[in-house]
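J.: In case it helps, TrEMBL gives these features for our protein:
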type	residues	note
DOMAIN	525-648	domain 'STAS'
TRANSMEM	145-162	transmembrane segment
TRANSMEM	174-195	transmembrane segment
TRANSMEM	207-225	transmembrane segment
TRANSMEM	255-276	transmembrane segment
TRANSMEM	283-304	transmembrane segment
TRANSMEM	345-363	transmembrane segment
TRANSMEM	375-395	transmembrane segment
TRANSMEM	415-433	transmembrane segment
TRANSMEM	440-462	transmembrane segment
TRANSMEM	474-497	transmembrane segment
Amino acid sequence: MGHSSVEAEETKEMDIRSFSSSRHNQTPYIHKVGVPPKQDIFKEFKTTVKETFFADDPLRCFKDQPRSRKFVLGLQAIFPILEWGRSYNFAKFRGDLIAGLTIASLCIPQDIGYSKLANLAPQYGLYSSFVPPLIYAFMGSSRDIAIGPVAVVSLLLGTLLRNEIDPTTNPHEYLRLAFTATFFAGITQATLGILRLGFLIDFLSHAAVVGFMGGAAITIALQQLKGFLGIKKFTKKTDIVSVMKSVLHSANHGWNWQTILIGATFLTFLLFAKYIGKKNKRLFWVPAIAPLISVILSTFFVYITHAEKKGVAIVGHIEKGINPPSVKEIYFTGDYLLKGLRTGIVAGMIALTEAVAIGRTFASMKDYQLDGNKEMVALGAMNIVGSMTSCYVATGSFSRSAVNYMAGCQTAVSNIVMSVVVFLTLEFITPLFKYTPNAILAAIIISAVLGLIDYEAAILIWKIDKFDFVACMGAFFGVVFASVEIGLLIAVTISFAKILLQVTRPRTATLGRIPRTNVYRNIQQYPEATKVPGVLIVRVDSAIYFSNSNYIKERILRWLTDEEEQLKAAGLPKIQFLIVEMSPVTDIDTSGIHALDELLRSLKKRGVQLVLSNPGRVVIDKLHASNFPSQIGEDKIFLTVADAVLTCSLKLPEEV
């Protein structure tokens, strides 16, 4: 170990000596930094807008096409089923049929349970798995996503709406507000897609989503304790403290042992079925049909034993028939319009985030492209139509999509098959669910949401980025200990805080020369890199804007002050050149140029010359527009750090 460190020191000294001798024996050829030709302002603005909103060049397929062909391509863009439907065959239908039947067996009991999370009657969950999947099958671009109500959005919608209207005392107004929120959720999603603003959902970081989903899963599971334990009087709050207080206070007189027995038995069965499915991927259908089997067995058990007379709460009557129209129920005027709009935007954004994330995941697994903006339009359209046909907010379900994928789905026809099965259920089978115990629905929901707690992702986030982990935990604890809205607010706030922190406090680094090369790298990353005598090299790893320009100027001066103090303590000559490596600087604004002016003045007072290395096209263009090169000298802007160092070293006194 000691031998290698001595060897490294000798290498550094040899490198410095060779560099010192070469700087007096060579007359280097220095390539000038190119100044781009002046761009047409309109053309540049057009290019910027195109890259921002139309990065995927969606109109490429329309170029040089006759008008009739453009019309067909336009229809295919709106309804992708017209494109892939031409090559549809029986082999694909067989895969879609099996997948559709499998996810239908999973979605029916889940829908009844999720509707309770939204404080709605059971049939509304089934309605939301009938119409929206049909609309999505025609307009969606994902082959694997399964559409319907999901636990997180159901809870979020139920919580936000209950803050406005009590569903127990005013059920009709509550239902109308739910349809209104669904309508505006669809409008929000479709608008984002049409205006190609899908990048906005990316502002909610992956870490925040992981924390929010995990916290929502805990909250949903806690809410199920009411049905699982047979408690009649239960808190309306969702935080863990209030829920546990309510559970413990009702322990002596409010729990029903028959209900607990049913819930515990079938929860064990569901978790065991999940375990089998994880152990053997070929048995994916076991956890998929386990909820329906649980519902059938528990319903039959309650029916023959008349357990409902012994305190076991049952679903009761579910209205028969398909979705009734609900256009007239939506609030387009009045006091509840704004409340519905606000709730719809929040629910729509969360639903969109979940659906797009699921769609991208399965698209990458099957290696096909997913158009995010088309997805948003499709999701928006299905929720707009859904709000007019007695549905509440539907989106992509991860558990159902995973089953859909493993069942061998080929296209979105699996959603149509599922929708047909739900239609038949609504028309003929709903009376059979009358004696279904609430405990089994609670068990199904608990087993479903446990998969939302992704502790492996949280551990990975901790290893990769501690700030991301803070965002993850902030969202998680916000949901668990406060409310869904607070958790969501914390998730968004921390995500934006991270963006602001990275923008306002960008990284800077001092560079040194890698031995036996002309490559200059971060000294902290490469300890063997040698500093150049009399020269300080600083790299700025960010665009220089009004938000960070002052910090960057002060940070560079601090690097210079620290270096000069170290040189003074060692009795070495002071710094005479400060080289700013600008390769990572993608852009600069007027505040950034003003900060460079101030930096230049501060350096002149210290007797240090400012040198720039490799500014990009946009940066050099703006520097020339501000006449900055003439202030520092045209000969102080270089193509590479090596050129800058070599030129500066020739100007240094011999003693340096």
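Every residue gets a Cβ built from N, Cα and C, even glycine.
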J.: By DSSP assignment, list the helix, strand and coil residue numbers for the domain 'STAS' (525-648), in that order.
T.: 64 helix, 21 strand, 39 coil
J.: Three or more CB pairs closer than 8 Å, sequence separation of 6 or more: does that hold for the transmembrane segment (207-225) against the transmembrane segment (375-395)?
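T.: Per Cβ check, the transmembrane segment (207-225) does not touch the transmembrane segment (375-395).
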J.: So if I exclude everything within five residues of the ends of the transmembrane segment (345-363), which remaining residues of that chain have a CB under 8 angstroms from its CBs? That is, six or more out.
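T.: Same-chain residues near the transmembrane segment (345-363) but 6 or more away: 141-145, 150, 152-153, 156-157, 160, 181-182, 184-189, 192, 198, 201, 204, 209, 369-370, 372, 375-376, 379-380, 383, 393-398, 401, 405, 485, 488.
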J.: Cβ pairs under 8 Å with the transmembrane segment (375-395): which stretch of 145-162, 174-195, 283-304, 415-433, 474-497 has the most?
T.: 174-195
J.: At an 8 Å Cβ cut-off, counting only pairs 6 or more apart in sequence, do the transmembrane segment (283-304) and the transmembrane segment (174-195) clear the bar of 3 or more pairs?
T.: no
J.: Hey, which bits of the same chain come close to the transmembrane segment (174-195), Cβ under 8 Å, at least six residues off its ends?
T.: 53, 118-120, 124, 157, 160-162, 164-167, 201, 326, 329-331, 336-337, 339-341, 343-345, 347-349, 351-352, 372-388, 390-393
J.: Do any residues of this chain, six or more beyond the ends of the transmembrane segment (440-462), have a C-beta under 8 angstroms from a C-beta of it, and if so which?
T.: 109-110, 112-114, 116-117, 151-152, 206-207, 210-211, 213-214, 216-218, 220-221, 224-228, 262-264, 266-267, 270-271, 274, 291, 294-295, 298-299, 315, 398-399, 468-469, 472-473
